[in-house]
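Trainee: In case it's useful when we look at the structure, here is the feature table from Swiss-Prot:
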| type | residues | note |
| --- | --- | --- |
| BINDING | Gly7, Ile8, Asp9, Gly10, Ala11, Gly12, Lys13, Thr14 | ATP binding site |
Amino acid sequence: MLVAIEGIDGAGKTTLARSLALKLRGVGLETVVSKEPTNGPWGTLLRQSAVTGRFSPEEEVDVLLRDRRQHVEDLIVPMIGRGAVVILDRYFPSMVAYQGAAGLPVDALLEANAFAPRPDVLLLLDVPPVIGLQRIWERGSTPNHFETTENLSRCRDIFLALELPSKRVIDATANAETVFSAALGLVMEVLRVRLGALGAVVLERLAG
């Protein structure tokens with residue numbers, strides 16, 4: 001099962017990914033949390049570019065796609081194949097939103113990611129940019145060049161407009177506990193279908 005958590009910076013993706021993983025592991029489900037860009041060579045190169053000189057949007061797309069292909073081949077597909085729950089803190093919709101906000105065609109970006117397995121549930125944590133930026137400052141970080149009100153507004157608009165069948169929008173202006181409860185309920189809906197009668201005990205524990 002593949003769970004992707006998306007949203008603009010400051011939406012609470014990392015917090016939710018950790019909370020969901022803790023809950024799922026607690027009821028005996030093998031769960032892996034990963035992120036994009038990854039800590040692999042391509043993801044590392046992308047982060048280094050912020051210091052050594054930014055890539056162009058087209059170059060960033062190339063590096064992101066290389067990073068994602070490796071991620072899919074080395075972790076996502078193998079772990080799903082063994083029956084694990086894979087939780088991703090950002091996935092291909094982030095590239096579509098952020099590079100789309102930089103002016104690249106959204107349809108072309110989606111097509112370039114056709115190789116990436118589609119999530120069973122895509123949790124879009126929706127917050128206004130002003131709240132996302134406030135949270136970034138509150139956690140002691142300094143917003144990067146992507147993290148401006150104007151740019152995050154464009155990204156948010158693209159996230160909300162994306163037509164992906166598994167997308168579920170969660171109001172992430174609420175507190176972390178409320179967001180977690182909403183997300184867990186959506187994940188349980190998918191697990192109920194996936195596990196069937198055999199998963200009754202697991203679902204009962206998750207609901208407890």
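Each residue, glycine too, has its Cβ placed from N, Cα and C.
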Trainee: Inside 10 Å of the Cβ of Gly10 (ATP binding site), count up the other Cβ atoms and send me the figure.
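Mentor: Its Cβ shell of radius 10 Å holds 25 other Cβ atoms.
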Trainee: Can you count the other CB atoms that lie within 10 A of the CB of Gly12 (ATP binding site)?
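Mentor: Its Cβ shell of radius 10 Å holds 24 other Cβ atoms.
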Trainee: Within 10 Å of the Cβ of Asp9 (ATP binding site), how many other Cβ atoms can you find? Include all protein chains, please.
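Mentor: Other Cβ atoms found within 10 Å: 21.
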Trainee: Taking the Cβ of Ala11 (ATP binding site) as centre, how many other Cβ atoms lie within 10 Å?
Mentor: 25
Trainee: If you count Cβ atoms within 10 Å of the Cβ of Thr14 (ATP binding site), leaving out that atom itself, what do you get?
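Mentor: Counting Cβ neighbours of Thr14 (ATP binding site) within 10 Å gives 13.
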